[in-house]
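Novice: Pasting the relevant annotations from TrEMBL:
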COMPBIAS  233-244  compositional bias 'Polar residues'
DOMAIN    36-496  domain 'Major facilitator superfamily (MFS) profile'
REGION    214-257  region 'Disordered'
TRANSMEM  32-54  transmembrane segment
TRANSMEM  74-95  transmembrane segment
TRANSMEM  102-121  transmembrane segment
TRANSMEM  127-150  transmembrane segment
TRANSMEM  315-335  transmembrane segment
TRANSMEM  355-374  transmembrane segment
TRANSMEM  381-399  transmembrane segment
TRANSMEM  405-428  transmembrane segment
TRANSMEM  440-460  transmembrane segment
TRANSMEM  472-494  transmembrane segment
Amino acid sequence: MYTSHEDIGYDFEDGPKDKKTLKPHPNIDGGWAWMMVLSSFFVHILIMGSQMALGVLNVEWLEEFHQSRGLTAWVSSLSMGITLIVGPFIGLFINTCGCRQTAIIGGLVNSLGWVLSAYAANVHYLFITFGVAAGLGSGMAYLPAVVMVGRYFQKRRALAQGLSTTGTGFGTFLMTVLLKYLCAEYGWRNAMLIQGAVSLNLCVCGALMRPLSPGKNPNDPGDRDLSVLPAHSTESVKSTGQQGRTEEKDGGPGNEETLCDLQAQECSDQAGHRKNMCALRILKTVSWLTMRVRKGFEDWYSGYFGTASLFTNRMFVAFIFWALFAYSSFVIPFIHLPEIVNLYNLSEQNDVFPLTSIIAIVHIFGKVILGVIADLPCISVWNVFLLANFTLVLSIFILPLMHTYAGLAVICALIGFSSGYFSLMPVVTEDLVGIEHLANAYGIIICANGISALLGPPFAGWIYDITQKYDFSFYICGLLYMIGILFLLIQPCIRIIEQSRRKYMDGAHV
């Protein structure tokens, strides 16, 4: 149903016989493509790294506002959830405005959310400023960073995504240390102000997202200079005026009143032409924006609800179902591990080397190693993806059984390494739907992940408020995660059965 993505990254050129031939784009798999990886890397540091370090602020909010763990956890989960949930709608922005503008606007909104949150009087205020505002800005900067790497790479795409998404691990480690230091030295409110200033670097990352285009078409009216107007330019007005004055001087001593009238008429003509030029520029800009918005909306709508709808792909629907349960199993440890460490009286050991930092550091190596393995010609990306998922589920089930720092550190290392499969998600998504549908499809996947991140941490806090334990929340989330993986595995089997049945029916008719 979906077209192949073999020709992505190639420009069309007119041949000698007016035929279209393919020319490799110089920036595919090289050149500016590595700047895309660098830009995406810093976006992951500033967005995903900051969100994974919110456990530090969660402890501060518990002490400041004296609310339940379930209610306070909604602040972090709203921010992480909305970052991902808005993915499908950010796809509309990308289709309309492009990745660069979307990411820059997202950086400004994210920074504003951090700054406004520093003046929070209660938890409910943080729901709006940090959960909604900062989360929306993060989503607007995050999706373009993932999509642009996919557009700039054909070979070693898994490795490129793995390198860029290692920013999550680096960011988690750095932001955890940074937020701890800032909270200890300046208090959590000033820490959020400083973090808001740091988040403005997302605008720089967005500016680096140069569109990958085949070049300007001289016959395209949108590419022409708006100042080039053939008939009524200021140059012609000036030359006409100068000619009139020359003729007047050559004609002998003219009437001064007539000269003044001509000059006044010339000035009024120039002002009129300038107004006409401004009006033409405005009309042309409005027309161009209208066409661009309409085209972006049509592409966005057809991708989700048209004849080529993504939801007609059964395997992709199963992938969405898996994503609904997967992300919470990764997010819950980051949000609640600092509190779990306090409950187990392991604060001194955790202060020396935080468990969340162990997850972050190993997560870096996991993404790179799994990306390299998945790019091997003899290895299937899906096999690596599923094996990492099974390892993560097993780690989630074992985590509640560990009550020592060493045991928790080992399980956290397993969680960090196996969660490196996140770098494979864009590659797997592209294999399912093609590069031309990647923005919309990956937007749906991270939206499902966002729902999981939104509900997971508050659910774990609610279970603790009832049972005074976090154990049951890990068991339930792990069980739902396992169901999602099994649902993903069933789909190829169903497809094989249907194909066999179709062949059998065709043979019976013959």
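Every residue, even glycine, has its Cβ placed from backbone N, Cα and C.
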Novice: Mind checking which residues reach the transmembrane segment (355-374)? Cβ under 8 Å, same chain, six or more beyond either end.
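Specialist: Sequence-remote neighbours of the transmembrane segment (355-374) are 49, 52-53, 55, 158-163, 165-166, 168-173, 176-177, 333-334, 337-338, 341, 381, 384-385, 388, 405, 408-409, 412-413, 415-424, 427.
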Novice: Can you name the far-off residues of the same chain, 6+ from the ends of the transmembrane segment (472-494), with a Cβ under 8 Å from a Cβ of it?
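Specialist: Answer is 314-315, 318-319, 321-326, 328-329, 332, 386, 389-390, 392-393, 396-397, 399-400, 456, 459-460, 463-464.
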Novice: When each of 102-121, 315-335, 381-399, 440-460 is checked against the transmembrane segment (74-95) for Cβ pairs under 8 Å, which one has the most?
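Specialist: The stretch with the most contacts is 440-460.
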Novice: Which bits of the chain, at least 6 residues beyond where the transmembrane segment (315-335) starts or stops, bring a Cβ under 8 A of a Cβ in it?
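Specialist: Residues 52-55, 58, 73, 76-77, 80, 84, 172, 355-356, 359, 389, 392-393, 396, 399, 412, 415, 419, 428-429, 432-433, 441, 444-446, 448-453, 455-457, 459-460, 473-474, 477-478, 480-481, 483-485, 487-488, 490-492, 495 contact the transmembrane segment (315-335) from elsewhere in the chain.
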Novice: Given a Cβ distance threshold of under 8 angstroms, which distant residues of the chain, six or more beyond its ends, lie next to the transmembrane segment (405-428)?
Specialist: 146, 149-150, 157-158, 161-162, 164-166, 168-169, 319, 330, 333, 337, 341, 344, 346, 349-350, 355-356, 358-363, 365-371, 374, 381-382, 384-385, 388-389, 391-392, 394-396, 398-399, 438, 442, 445
